[in-house]
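As annotated by TrEMBL, domain 'HTH rpiR-type' applies to 1-77. Annotation comment: TrEMBL describes 124-261 as domain 'SIS'.
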Amino acid sequence: MSTFVKIKALKPSLSQSEAKLADFTLKSGSKIRGLSSIELAKSAGVSQSSVVKFAQKLGYKGFPAFKLAVVDALNEQTQEDTPLSNEIDQNDSIAHISEKLIANQQATLVATSKLNTPELFEQAVQAIKGAKKVMVCAIGSTHTMAQDLTLKLQKLGVCAVTHVDELSAASYVATMGKDDLFICLSNSGAVKSIVKLAQQAKTNECQILALTRYGHSELANYADNCLYCIQETEAVKHSAVLTRASLGYLIDVLFISLAQSNLHWQRRADRSNEYMSDMLNI
């Protein structure tokens, strides 16, 4: 996974010093190859210990390993790796808004694919296939994504449900056990009600799959498997356009992978689509 992709995924959770190092790395990565840790600290306006901690937070043993990873990322860098800078301006025309949204969403999908290896998807697929029943949980605007995933799983014949409110969700979690799967969607990984439900599911020995941001979070602590969504700076504040695109990508890859893994499930999905078409033609 590209170091730049890691940094962009972790940016929302970084401390002030770490954010300075992240910005310097993303904007002036080519300079790092010629800097010592002391020189990087001075250039970014942080302490040398912050440089070492930043490297370790990204999963590297120290600054030398981080420096090599940055060089590798620069060598691999393509246009898709560049930070999402197509911020929508108040004076943009509809044509410009459309162009910027397409560019931002494309970059988001590429970054999401790089955060999630085939092995991570395979682990998630196996968790779903091995579950007797599945509960999908999210709150707020993310709940529509939970409904989408639930419907897709139901098309395959998976015993999946979702609940609109946390109390109903808690009631259902109480009926779940070690053969069941709790899937939670939370961009931040810190929503108290979702974390509490995950804690309750863990107490009941359920398997837990979290679709959440990359990096450490309270929700990830309870999860057996994680798929990671991107939390970029949104093109329009509070719109969650890019986060929804990232989550949608994860859900669609999961659904298609599940369908392709089992011919019987493929046929169920086809039959489900036929029945739905018949209903629309009444």
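Cβ coordinates are placed from backbone N, Cα and C, and glycine is handled just like the others.
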For the domain 'HTH rpiR-type' (1-77), what is the mean per-residue pLDDT, to the nearest integer?
89
Summarise the domain 'HTH rpiR-type' (1-77) by DSSP state, stating how many residues are helix, strand and coil.
60 helix, 0 strand, 17 coil
What are the helix, strand and coil residue counts for the domain 'SIS' (124-261) according to DSSP?
67 helix, 25 strand, 46 coil
